[in-house]
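**Q** Attaching a single structure in structure tokens format; questions to follow.
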Number of protein chains: 2
Amino acid sequence: MSHPLSGVFAPVVTPFKADLGVDAELFVQHCRWLLGQGAGLAIFGTNSEANSLSVAERRQLLTLLVEEGIDPARMLPGTGCCAIDDTVALTRHAVEAGCAGVLMLPPFYYKGVSDDGLYRYYAEVIERVGSPRLKLYLYHIPAFTGVPITLGLIDRLVRDFPDTVVGIKDSSGDWDNLSAMLAAFPGFAIFPASESLLSRARPLGAAGCISATANVNPAGIGRLCAAWDQPGAAQLQEQADAVRKTFQKYPMIAALKFATAHYSGNPAWSTVRPPLGALGAQQQGELLAELERIGFAMPGLAH
Amino acid sequence: MSHPLSGVFAPVVTPFKADLGVDAELFVQHCRWLLGQGAGLAIFGTNSEANSLSVAERRQLLTLLVEEGIDPARMLPGTGCCAIDDTVALTRHAVEAGCAGVLMLPPFYYKGVSDDGLYRYYAEVIERVGSPRLKLYLYHIPAFTGVPITLGLIDRLVRDFPDTVVGIKDSSGDWDNLSAMLAAFPGFAIFPASESLLSRARPLGAAGCISATANVNPAGIGRLCAAWDQPGAAQLQEQADAVRKTFQKYPMIAALKFATAHYSGNPAWSTVRPPLGALGAQQQGELLAELERIGFAMPGLAH
């Protein structure tokens, strides 16, 4: 089993205009900034409001990134939808664009579905895409989907599709689950969803992390991820934790976007699509005050 | 506030071919049978596996029904998706097709969203569709969405869009919630999701029901719904309950489809899309035995 991706990926926040349309130019610009800061691009993730985008919007944005010269080998787009046809369309498009992999939610409308049903879903997608270039990362985020990716399901998929199903993002926040996966699947590219777990998870073989706060602190998380076994790692962990803990006090996506708006000087960044809401004025003030207190910055962000 | 729809609606099960493609011809045929049995067509509901269909598939199927001469005034298609653009596209299409109304899920990926965020979602859809012909029925099904439609949200939407937001399907199965809605919103078209509540809910003003088992027992539920205040209603309730209780012992969608397969003589009906699974052989045998025991039939179903 290969271990193709590692390091830090940002589930790239998606900028919207006042009319809620995607600001494609700003999106490209932000992707360039993240790459420059050393982060990979997990576009169309939960923090990207991907499920508030249509299939057509996701295809257009990915095509645009490639046309703009952004390296698809640094991209891990989210392609998992409720309907197999949509998942196949997005996954095929990502493979054809040359993306390093895809991060695939399970179908998330029906609850209480069996591992067997989920296996058949993933198998059907893999067979329909039918490409040896497909590298599939499962996406375990039960708080949003209500549909967990169990160790039994991973085991079955990895056994039957060893060259395709190569990793997972674990957004459970559950250390027991993460450490059990790390123990059960050596060589599988396992990404916790938080940099706060890096010091514990990297020694056990975690590939890196795919973290919301990599949108605002990509370099800090990158240093920690690379130097976890070096002197000074504890301090890097502490610094990264301070940023994460600050953002975690607020609705995450709204807070990430507000900070990006503030530090880039572009207020349009604050816009989210309903049903999400932007931070209120008081929250904005509190977040900024705390970020200043911990010496937070987003160096090189375009103004 | 108008009270446009009433009676029994079936969330029409969607037939698939062996390759999982929609069997459009069989779908039209089943809709005709349901109409003939007195049920309205709540196509693209939860029991229709609507979220396992792409936006394009839903549009094509609705267009086909109208082309086949099925009266859109008897249709209440589900149009609620996670992404506003998709919801607007489906809703506009349904309005243009002349549908009596649309049944609209809230956006269901993000959890813990505020009533304010949900209000802005629905308001945005209503404004973009921008048609006085739009009659919107909210869809409260928290076990699947994790996103409840609260009384406060209903109140705000009804006040601001009184000619548009005209009803709700309550799939909570929670009598307290249903009776609170019936008390709070007289004249609002409130449909519980189960015929087992009709005897209690009709006297309080419920408009009817939109029930999974209306796919297999439309006439029985229709008689109960119409005659709730007549002599013999208790027996009609008992008969309807016997059917519902039987199906409820099994995964509902698979059981509805298996029964339709059996009583129509067309085994293709049993196919479901992953992540759902068909009934196993033992479940099939048990379900059939119990249906025979209670004298169940699907009269007039095409063979």
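Placement of Cβ uses the backbone N, Cα and C atoms for every residue, glycine included.
According to TrEMBL, the record shows the following:
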{"type": "ACT_SITE", "residues": "B:Y139", "note": "active site, proton donor/acceptor"}
{"type": "ACT_SITE", "residues": "B:K169", "note": "active site, schiff-base intermediate with substrate"}
{"type": "BINDING", "residues": "B:I210", "note": "pyruvate binding site"}
**Q** Sequence gap of 6 or more, C-beta under 8 Å: which same-chain residues meet both conditions with respect to B:K169 (active site, schiff-base intermediate with substrate)?
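**A** The answer is B:A42, B:L103, B:Y137, B:L138, B:Y139, B:H140, B:I141, B:F191, B:P192, B:A193, B:I210.
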**Q** In terms of DSSP three-state secondary structure, what is the assignment for the residue listed as 'active site, proton donor/acceptor'?
**A** strand
**Q** Say we define neighbours as other CB atoms within 10 Å of the CB. Which of the recorded positions B:Y139, B:I210 has the fewest?
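**A** Relative to the other recorded positions in B:Y139, B:I210, B:Y139 has the fewest Cβ atoms within 10 Å.
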